[in-house]
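Asker: The domain 'tr-type G' feature in Swiss-Prot is assigned to 2-184. According to Swiss-Prot, the feature GTP binding site maps to 14, 15, 16, 17, 18, 19, 131, 132, 133, 134, an assignment based on sequence analysis.
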C-alpha cells in the first residue's frame, strides 16, 4: 500500500495537463515511442479537434524511484473548462492528492483557483507544478508569488517542468512520491469499490471504472451494488496503461475497469459502491453530489423516424455523462423530441456533436434557457420551469425570479474598465474587487441567462484572451421578465419563444425577427414575421413575395385579358397564403443563440 499513489491532474484550460500526462506515460514506459501520440488520453475525435479534454481519463503506470523502489501511480487527467468542473470533482474524490498545473507564462487563472479550492475542500495534498518553463517569456518567480497571494497555498514543494520537452519530469515524479500520501485501505476488509465512471461497449455491455478502497476483486466474483438486490458475475477486469490490460485480480487502492455482463444501462450509476455478494460490506463510500444542469434546450431529430434511435443514443450518452439530463418534449413546430439539461453551452455543443458523429442522428437544437421560479397569485404557489412555452400568463403571476450566478473574473489590470462595462451591460452587480500586483479579481453577481449568452466569448474578446472566468449558481432573485413569442405567417412557433428582461424586450425582439427574415427563403406570397408579448405585437417585418410574370405569354391584345390574369394570380396567392406551408430552415432555431 505504501508504494501506491493516487492523484488527479487539475488546471485551467490550455495549461498543459494532457501534455504532462503524455510525458509521465512516456517516462514510465506506459507506451512505446511508436505508440505515443500527442494528447494520447484525449480519445475522442472532438477532443483532438478542439484541443481540449472533455472526459477525465485514468491511467496506471509504474515508476522506479532513484532509491530503486517500484511505485504504482494511478492518475486521472481531468478537463480544464468551467463546463466540466463536475468531471474534476468526481476525479478528485478517487484520489489522495492533486497536481495543480499552472502555465508559467499565463500564470494563475480562474479555474486554477476553483479547482484548487475543490481539492482543498476534499482535504487532498496539493503539489503545484509550473509548466512551460522552456518558453522565453516564462515567469516562475512571479507565478510563485501569485500562487501564495491569490490561491493561498504553500510553494515549498513546487515542481518546475516543461511537459513539451520533458525537462523536470523525473524531479516531478520524485516529488509525487514525497508529497502525495499513500492510501490507507485494507486488503483484508470486505470489498468496497467506488464507481467513478462508466460507458457502454456494444460487445461487452456496460464497462465500469472503479477505485477499490478496501478488499480485492477477481474474475468470477459475485458482486452487487450496496443497497440494491441485483447480483453480477465479474467476467473481465484490468487496468489502463493507457492500453487496456486484462488482469485476474484488482487489489486494494487500485483503479481499474470491470465488465460483469450488465446490459441494462440503468442498473448502475456513477458514485455507487460495489461489494461482494459473500462477506459483503454494508457501508457506502461517500456518494458524489448530484449535479444539476445550468441550462436547458430542446433537441429534436431532423427525421421523425429517428426518434427511437435518438432516445437510445441519449441513454448511452447519459451512462458516460451523468451530468446530462433529458425528458420527453413535444413541440407543435418540431414534433417529438427531448428537453435536455447541460452544464453550459460548450457541454451542449459537445452532446450535439457526439449525437451526430457517434450515432448518425441529425438534430435541431433550440436556444438554451435557464430555470425560472414563479410565485403564483393563487395560494402563493411556487412553480419552476425551464421551457419558455411553460411561462404562465402575466395575470397569474405574483412575481418571477431568475437564477443568479456568482462570477469570479481574474484579469490583468489594464482590462478592468472594459470588463466592468460588460458586467454592467449584462445586469451584473459588483460584490468585490481584489487587486494583486498586476492582476485583479472581480466578483460579480450576474443573471445566469446573461452568463450563458456569449458572456465568456465577449470577456475573452475584450481582454485579448487573458481574462478567465469561473461561475456558480447562488440562488434566485426577483426580476421583471417577459416572454417573447415569434409568429411566422401568423402562426406561433413555440420553439422560437424567448424569455428576457422587459427593458431589453423591444431591442431583442427586433434583432430576432430581422435575423429570421434573412434566413427564411422568399415564397410566392408575403410572409409576415412578428414578435409578440402576451397578445401584443411589438415588432414586425415582412418577407416580400416572389412574383411570377403571368403576362409573359400575353403579347399585346385586350387590356381586360391582362387584368383577368393578374386578378387570378392575386386570388391564387391569397389561397396559398392561407394553406401554404412556410419552409423554416434549421438555422432559424440557432438565431436566438446568436442574438447577442
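The backbone N, Cα and C atoms fix where each Cβ goes, and this holds for glycine too.
Small disclaimer: the values here were computed from a predicted structure and weren't measured.
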Asker: With the cut-off set at 10 Å between Cβ atoms, which of these binding-site residues ends up with the most neighbours? Options: 14, 16, 131, 133.
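Answerer: Per the Cβ count within 10 Å, the most buried is 131.
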Asker: Determine the Cβ neighbour count for residue 18 (GTP binding site): the number of other Cβ atoms within 10 Å of its Cβ.
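Answerer: Other Cβ atoms within 10 Å of residue 18 (GTP binding site): 27.
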Asker: Note the mean pLDDT of the domain 'tr-type G' (2-184), expressed as a whole number.
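Answerer: Summing pLDDT over the domain 'tr-type G' (2-184) and dividing by its length gives 82.
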